[in-house]
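Asks: Pasting in a structure now, in structure tokens, and then I'll have a few things to ask.
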């Protein structure tokens, strides 16, 4: 063949390059190059095909097969010799002559395409299902509508502010503040999905300033193109530094997009005041037990549907009944073991029930409650536990029930929600301190178990002087000994030492005389000038200082047997008292309160006496 011909991918015949399109359009009948170099057109040749419609169908079928082969091994097809052409042609003729390809029969290509599409759809559905099986359960069941969002009744209840704003599509820039696993990210995505809004998500943990600027420009451009504000969601926004947060100010100020930030830290401490003033802050609380149970139930059903199984929630009474039935059935089987086995209709019914039960996964309601309690209001934590428990059951056909043992095995509570640099740290230490101050030893022990041991040991030293003080001077010595003991033996052995010291301080007599006096001194230093040290109190190590009057008039107290009267405060603060003032003022306030109560009581007694006298006089008049 010459260089001006090319092999047709359908019929494998050589065709002129300029006439390849016409050759394909004519069902491979025109512009065929012969061995002698001439070009021949075949029209209605019975040796090839009898009906152009049949030819179209056969060629289309063969084209699909040949093109798939060509994709798998394109080089082999392009480099075949002309000698293989006759073999290929004979194979095609065999396919045509086979019963599957009746030339006299009119095939409906639409039906063939529909069947192929159905097969492709089924294959795609199965692939999607397999991909979903690999997702973490928390991501698989992430809600996309408000109906599937559980918890946060204060924010998402009927007629609540946030829910009303979402429904009316009037979302301002806002900050979602709450502990992990309460639905901050879910809520942001639901807002975007509910209002069909462009949604761009970045994270404060991994994205830089350039990424933030790029995302901001992308969201701002959506407003120019669609006249609709986009949503820029920043997870862990508190991880952005001041420069990154400041870069958002101009965008939020102009309203170029809606900013939604999610944070686990107190925004007052972690976000710039300028950015915070431009956003509404909504606080999300820990999820309730009922909300966690609803989330778990929905998640388990969605996951089991991928495996063609159903979740059945049982009560304790149902579980006991099933256990009794199983025991009775086993007893009956043992007693009749010698009798011949004759299948009956009830046997077939039982086998059908067993088949249906094999598709069910059971969980008791008390197990759900246990899981909700152990998750401590963290939905993500509970979903991870359920995911592990379900995977354990699905991998073992002999198991069909989620038990408490599975939950406890999947859930190992190594640490509570505690961050020494976060707000929760401040909340816990405040609760611990107030419990000691209020002499509640039980509450003191509880909050003790929630905190870092070494920090508590340091805090106890402070409490010993601030709240106990002169009430029990030994408390400070005990606190220091406790701190040293914790350093010597470490955790977990030092836990009882901490408990011992904490309970002692909770039960000890309290006195804040020193602490209140120190606060008064600090107030004076803050509100008044720094008065100079009196000359007689100054040290005079040199002759020059002595000549200047340093130390003149100072009375060295150890030299005198009798009491020495000497002023030690600056002249303007003469006779100023700090110690005992708080106690004296508190005593006076208490006496005044008791006096007023007594006066009020006496007044009420007089009113009662007058009422009695009036009633007696009226009764006497009636008798007359």
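Please read every residue number as a count from 1 along the shown chain.
Glycine residues also receive a Cβ, built from the backbone N, Cα and C atoms like all the rest.
A TrEMBL annotation is a machine prediction, not a hand-curated record.
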Asks: Quick one: which of 299-318, 319-338, 339-358 does TrEMBL have down as region 'Disordered'?
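Replies: TrEMBL lists region 'Disordered' for residues 319-338.
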Asks: Which is it, of 27-49, 50-72, 73-95, that TrEMBL names as region 'Disordered'?
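Replies: In TrEMBL, the region 'Disordered' feature sits at 73-95.
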Asks: Can you tell me how the residues of the domain 'UBZ4-type' (5-29) break down into helix, strand and coil by DSSP?
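Replies: The breakdown for the domain 'UBZ4-type' (5-29) reads 9 helix, 6 strand, 10 coil.
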Asks: If you average per-residue pLDDT over the domain 'UBZ4-type' (5-29), what number do you get?
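Replies: Mean model confidence (pLDDT) across the domain 'UBZ4-type' (5-29) is 78.
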